[in-house]
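Structure record follows, encoded as structure tokens.
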């Protein structure tokens, strides 16, 4: 019996030592697993986003709960409750700490999201999406260009009106330059690739049958060379055109952005400036056209060669030669012919004593045909002015043909 008691006591000691070994190994395994899990969640918290952190916290909670259940099962099987009770306590405290840290991070993320959404709402509510008379502290075009009282708002109003006048001024200058360059091109033929019809280099061509002079026709230039190989003067003109177009386009787009602020003060400033500047520079165009037409008539009268080849319509027709009239008359009576010759001599002497108007007095009043031609030209000029006033005067259009003649 004593041997059996000793054997049973030895078995109990072996079992207790085995259970202690198993418990200690389980505890060390649980602690290692918890430490590795905590390290994993910390690294994931630092590298992952807010949504990934929330999913990692859920995974950690499930892992900790499964490990706690495993440790509780091992402690009940081994019977060593005291040694295993400390392990769930530490794991619970670690889980509580991690949960609190995760809740803090989630709170920070929610606060950040709420603050950003609040800023977005403030910005969206600060922008105008419809016409409004409110202009106070609303920036237009630039960050510091805003008005907080009526005086500053009126100053911005005048700024946009002046910008509209500058835009129309650039268009008017471009139109004047195009007319001037076109007139100079046609008058002097310096910058044109077209050879003049009256050029001396072309020579003179005669028709032997009809015995009259045929002027040389201009040569047709190469279109590609005119477009891609311009002269230096044409290139200089293109640079001026590019500068004017760039500046005017920039101003009109800035005015468009000002109207997109939906502030009525700025919208009416742009509309008022464009309307007034259009009327003003349209009047300037009409005055310039009238002035150029008068200058053209004066230049034509000064360069007119006189009667016989009159081009201005202000020189009288030459009187018929009395000698030629006397020679054309036919008669059989010799005395009658002599009398006519005497009369013609008397007429010649009287004609020599009289002053020739074209030689001493210059241009007289226009004859009936000249008056009719002048009236026709004036009617054409009035019709052209009416057409220009009724339609939009595009600055890119070439001037009328009446400005291309000398």
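Just so you know, glycine gets a Cβ as well, placed from its N, Cα and C.
What Swiss-Prot records for 1-152 (among others) is topological domain 'Cytoplasmic'.
Under the heading repeat '1', Swiss-Prot lists 9-27.
Sequence annotations record features per position, and here Swiss-Prot assigns region '3 X 19 AA tandem repeats of S-M-X-M-X-A-M-S-S-A-S-K-T-X-X-S-X-M-X' to 9-65.
Annotation comment: Swiss-Prot describes 28-46 as repeat '2'.
Per Swiss-Prot, the feature region 'Disordered' maps to 71-117 (among others).
Feature annotation from Swiss-Prot assigns transmembrane segment to 153-173 (among others).
The feature topological domain 'Extracellular' is assigned by Swiss-Prot to 174-250.
The annotation transmembrane segment is assigned in Swiss-Prot to 251-271 (among others). Away from its own ends, the transmembrane segment (251-271) comes close to residues 128-135, 138, 140-141, 153, 156-161, 163-164, 166-167, 170 of its chain (Cβ-Cβ under 8 Å, at least six residues beyond either end).
Here Swiss-Prot flags 272-406 (among others) as topological domain 'Cytoplasmic', drawing on experimental evidence. For the topological domain 'Cytoplasmic' (272-406), the model's pLDDT averages out at 64.
Look at Swiss-Prot and you will find 304-315 tagged as motif 'REP-III', backed by experimental evidence.
What Swiss-Prot lists as region 'Disordered' is 318-406 (among others).
Per Swiss-Prot, the feature ubiquitin cross-link maps to 345.
Annotation source Swiss-Prot lists phosphothreonine at 356.
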Close approaches to the transmembrane segment (153-173) from elsewhere in its chain (Cβ under 8 angstroms; 6 or more beyond its ends): 135, 140, 145, 147, 244, 247-248, 251-252, 254-255, 258, 265-266, 268-270, 272-274, 276-278, 280-281, 284-285, 395
